[in-house]
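Trainee: The following block contains the structure, expressed as C-alpha cells.
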Amino acid sequence: MDNIEVRGARTHNLKNINLIIPRDKLIVVTGLSGSGKSSLAFDTLYAEGQRRYVESLSAYARQFLSLMEKPDVDHIEGLSPAISIEQKSTSHNPRSTVGTITEIHDYLRLLFARVGEPRCPDHDVPLAAQTVSQMVDNVISQPEGRRLMLLAPVVKDRKGEHTKILENLAAQGYIRARIDGEVCDLSDPPKLELQKKHTIEVVVDRFKVREDLAQRLAESFETALALSGGTAVVADMDDPHVEELLFSANFACPICGYSMRELEPRLFSFNNPAGACPTCDGLGVQQFFDPDRVLQNPELSLAGGAIRGWDRRNFYYFQMLRSLAEHYKFDIEAPFNSLDSAVQQAVLYGSGKDTIEFKYINDRGDTTVRRHPFEGVLHNMERRYKETESSAVREELAKFISNRSCASCSGTRLRREARYVFVENTTLPEISELSIGHALSFFQNMKLSGQRAQIAEKILKEIGDRLKFLVNVGLNYLSLSRSAETLSGGEAQRIRLASQIGAGLVGVMYVLDEPSIGLHQRDNERLLETLIHLRNLGNTVIVVEHDEDAIRAADHVIDIGPGAGVHGGEVVAEGTVDDIMAAPASLTGQFLSGKRSIAIPEKRVSADPSKVLKLIGATGNNLKDVTLTLPVGLFSCITGVSGSGKSTLINDTLYSIAQRQLNGATITEPAPYREIQGLEHFDKVIDIDQSPIGRTPRSNPATYTGIFTPIRELFAGVPESRTRGYTPGRFSFNVKGGRCEACQGDGVIKVEMHFLPDIYVPCDHCKGKRYNRETLEVKYKGKSIHEVLAMTIEEAREFFDAVPALARKLQTLIDVGLSYICLGQSATTLSGGEAQRVKLSRELSKRGTGQTLYILDEPTTGLHFADIQQLLAVLHQLRDQGNTIVVIEHNLDVIKTADWIVDLGPEGGSGGGEILVSGTPETVAECAASHTARFLKPMLQRKPQTV
C-alpha cells in the first residue's frame, strides 16, 4: 500500500475527518494550538499503530506494557508499527545520562574492557601479568657482563621484628637477604625495630648477564615467584642507584602489589555494583543537610527563628536549645551570626563528647533532667529523615537537603579500579566529560595498532555513528555524562531521535512532537536533514510542527483548524506547501505566503538608563564570568545557539536569585555569581513555564485561575441554597457533601483491565456529572453547577456578564486565546502551550503593581504563527503596565518584536558562555560574530503584507 487511509476520526475534538496520507514521506501536521494536531498524530495514528502491534503479542506480554486507549475512528488502513518520540517522556532517573540513553556508554564499556590498559592508581605503572619466559628475555637483553641479583620480596612495608620469617628463610638454605635496602647475611641478621615498617627481599640468585643463562634464570625466577607470591626484583649489584627491574606474574603493580580482576564491561557501569563507586552508589553526588538551607535567617536569634522549626513555637526543640545556651553561656535572643563560631558549630553539628544537662518539661508541667551530648540540628534532621516512616516528615526535611559531588569518585560515578583504565592515555570519565563534538573528533583521531585495532574496529564504528547522529540533531554541546533529568524536553526528544536513526529501522511510522523546540535556526537545517534521512531509510515520518522551515521541507502538509478546541478538528488544507499557501481558509498558508505576518513595532520602547537590572560575574556551567544588563520595564529576549548558556544565565542564576530575594524562596541554590544590582525595582518574580497547571484530573482552568470559588459562592447565594443551608463547599467536587460519593467527584470510574488498557466508564449514579442529585437541583440562571463547568470560556463570559469579578477573569482567558476550552476541562488534557496561557491569564487578571519581573522559557513551544501573535499582544500588554519581561527564545518572530536582545555564544557548550552583543534588534542584527544576527537581519528587512 502506498497510503495510510483514515476514515471517520473523532478522537477528542476531531470532527469525523477522512484523510489519505502518503507512506514513506515526511508529513508535517500543523495548525493552531489546540486545533487537534496531537489528537490526529498521537492519539489516533500512533495509538492505533501501537495498539495493533501490541495486540499481536500474547496476553501475558501485554500486561507489562502500558497500552493506549483505542482511538475513536471508523477505519485506518496501511498503518506500520509506530514509534512516538515526544517531549514529555524525559527520564527522571538520576542514573540516566546522555551516554546511557544513546547506548554510547555501553559501547564505551565494551571498548575499555577489551582494549583498555589498567594502571596502578598510586604509581601510574601499567598492570600486566608477565610469563617467566618474558622475564628471562628481559634480563638476558641487559648489557653482557652486568652483575645482577634476583630478589623475592617476602615482606613489604610491614611493622614487626619478623624474626620467624628470617629464621625460616635461613632454614630453607637461603644465604642472603636485602633488608630495608641493605644486603645482609641471614646467619646473622640485624635486629629489627618492632614499631618500624620493614621490607625483606630474599636473594634467590646472583649472576653475570650471559646468553647461556636462560635455563638457570627460568628456574630461579620460578623459585622467586613462588616465594613472593608472584613478584620478583632484579637489582644491580655494583650500583644501587641504577633503576631496578620489577616483574609480576600476577595482574598487579610490581611496586605495591595493587591488582585487578580481569577487565569486563560491567566494571565500567555505574549502574552495576561491580563498577559503581561504593560511596555514592554510582550517582556521582552525595546528599547532605545543607547548613545554608537550614539556617534560613542567620541575622535572627535562635528564639526568633534563625532555624525553622527550632524556635520558641516548637517547645520540645526550643527547650533543648535553651539548655544548650545555659551550658555554653550564650544569649538565645542574640542574632545567630553574632554568636561565637564554636557555639554555632555546637548548635549545628553537636557538642561532641561534651555532656549537657537537658531539662525536659512534659504536658503536665513535670520537669525531667537528663545528661547527654547534643547531637546537633543537622545530625538530628539526618537521623529523623532516615528513621521516619511518614512521607510528610520526609518531604518537609528534604527541603534542607543539597547535593555535593562525591568526594571518593569526584562525581565520575565509577569505582577506583575503573577510573584507572586507559585507552590512548584517556580514561572513561575523561571521555564522558568531553562534549559530543569533541568526543567525535577524539574517536576519529584514535590510532590503535595491531590486535587492539582489530578488536576495537566495530566498537569504534558504532560509537562514531551515534556521536555523528547527535551532532546532526544539534546536540554537539552536550557531554555524555550529562544527567538526563537536566535535559530540556527538546534536547531529550532529539537524543531519542538520534538513537532511532542509530537503530536503522525500516518500514516504521515515526510520530514526532515539535523536534525543533530549543533549537537555534542555525541547527534547524541539520535536524531537517536527519528527518529526511529517516524518511529515506524507508519510514513514514509524521511531525507535529509549527516551524516555517520544517513546513517548507515537508513532502505533504496537513493543516488542522480553522480554530482551536470546538472550533477546530477539521482538515482545512492538505497537500504540498504550495497547495497550503493557495488555500484561502488556511491561516498557516496566509502566514507562509506573507499575506499575514507578525509586524515589527514601528517604534521600539526605549530604555531608561537609570533603571537597569545588572547581574555581575555569572560563572555557572559554561558561563565565562559574564555581566548581564537588562533594562527595567522592557520586553527583553535572550538568544543564542543551543547550549550557549541562556538557561544557566536566566533560569539557574537570575531567576533563582530573584526568587530568593523577592519571593523569599529557599529551595533553589543560584548558580555562582558575584553581585546583583537593581532588584529594588521589583516586588516579585514570576516564572511562567509550560509545566501542567495540575497533575490530576481534578485540576482545571476554573480552579487554577480562581474562577471556581466565586462561582460556588454564587450558587450558595441563590434562594434554593439558602433554604437548604448549602455553603460554597457544597458545590466542590473535592470534598464530601455535594459531590457524588460513588465516583468521589471524578465523574468516571476506573476499571482495571490488566492486559488490556484501563478503561474509564461514566459513573452510573451521577452519569458523569460529578455531583449528587440534590446539588444539581440548585440552579443559577437556569443552569446547574455541572452545566456551568461544561461551558466554554466564551459561553461562560456571556453567562456571567453581570458579575464583574468573574467577567474580568474570563475575559483575560479569551485575551490569551483560550475562548474554546471548557471551564471544567481536566488540566491533564491541556497542551503545554494552553497550560502556559492559563498561567498568563491568571497573571493578567491580577491587579498589577507594574513592578513584576516575568521570566518565560521558550513560550512559543506548541504555538502557531497566529497564537504567537496573540501571545506577543499579551506580553506587550504586561510590559505596558510597567512590568519587565525576560524571554528565552529562538523564534525569530518574537525576537524581532523585542525591545532589547542579549545574544549569547558564539557556540554551544565550552565554545559558548559569553555575551556577544546586547541592544535593540537592529543593533544585534549587525553583529558579525552572532549566529542569531545572520538570521535576524533578513527578517528585519522583510516587507510585511498585512491584511
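Yeah, the Cβs are placed from backbone N, Cα and C, and that goes for glycine too.
Taken from Swiss-Prot, the feature ATP binding site covers 31-38, 640-647. The domain 'ABC transporter 1' feature in Swiss-Prot is assigned to 310-587; the stated evidence is sequence analysis. The domain 'ABC transporter 2' annotation in Swiss-Prot covers 607-937 and is backed by sequence analysis. Residues annotated as zinc finger in Swiss-Prot: 253-280, 740-766.
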Trainee: Where DSSP helix means H, G or I and strand means E or B, what are the helix, strand and coil counts for the zinc finger (253-280)?
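Mentor: DSSP composition of the zinc finger (253-280): 4 helix, 2 strand, 22 coil.
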Trainee: Across all chains shown, how many C-beta atoms besides its own are within 10 angstroms of the C-beta of GLY31 (ATP binding site)?
Mentor: 30
Trainee: Of these binding-site residues, SER33, SER35, SER642, SER644, which scores lowest on Cβ atoms within 10 Å?
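Mentor: Taking SER33, SER35, SER642, SER644 as the binding-site residues, the minimal 10 Å Cβ count falls on SER642.
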Trainee: Using a 10 Å cut-off, grab the number of neighbouring Cβ atoms around the Cβ of LYS646 (ATP binding site), all chains included.
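Mentor: There are 25 such Cβ atoms around LYS646 (ATP binding site).
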Trainee: Using DSSP, break the zinc finger (740-766) down into helix, strand and coil residues and give each count.
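Mentor: Residue counts for the zinc finger (740-766) by secondary structure: 0 helix, 8 strand, 19 coil.
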Trainee: When DSSP states are folded down to helix, strand and coil, where does GLY31 (ATP binding site) land?
Mentor: strand
Trainee: Enter the number of other CB atoms within 10 angstroms of the CB of LYS37 (ATP binding site).
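Mentor: Around the Cβ of LYS37 (ATP binding site), 27 other Cβ atoms lie within 10 Å.
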Trainee: Have a look around GLY640 (ATP binding site) and count the other CB atoms within 10 A of its CB, chains all included.
Mentor: 28
Trainee: Take the zinc finger (740-766) and average the pLDDT across it for me.
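Mentor: In the predicted model, the zinc finger (740-766) has a mean pLDDT of 84.
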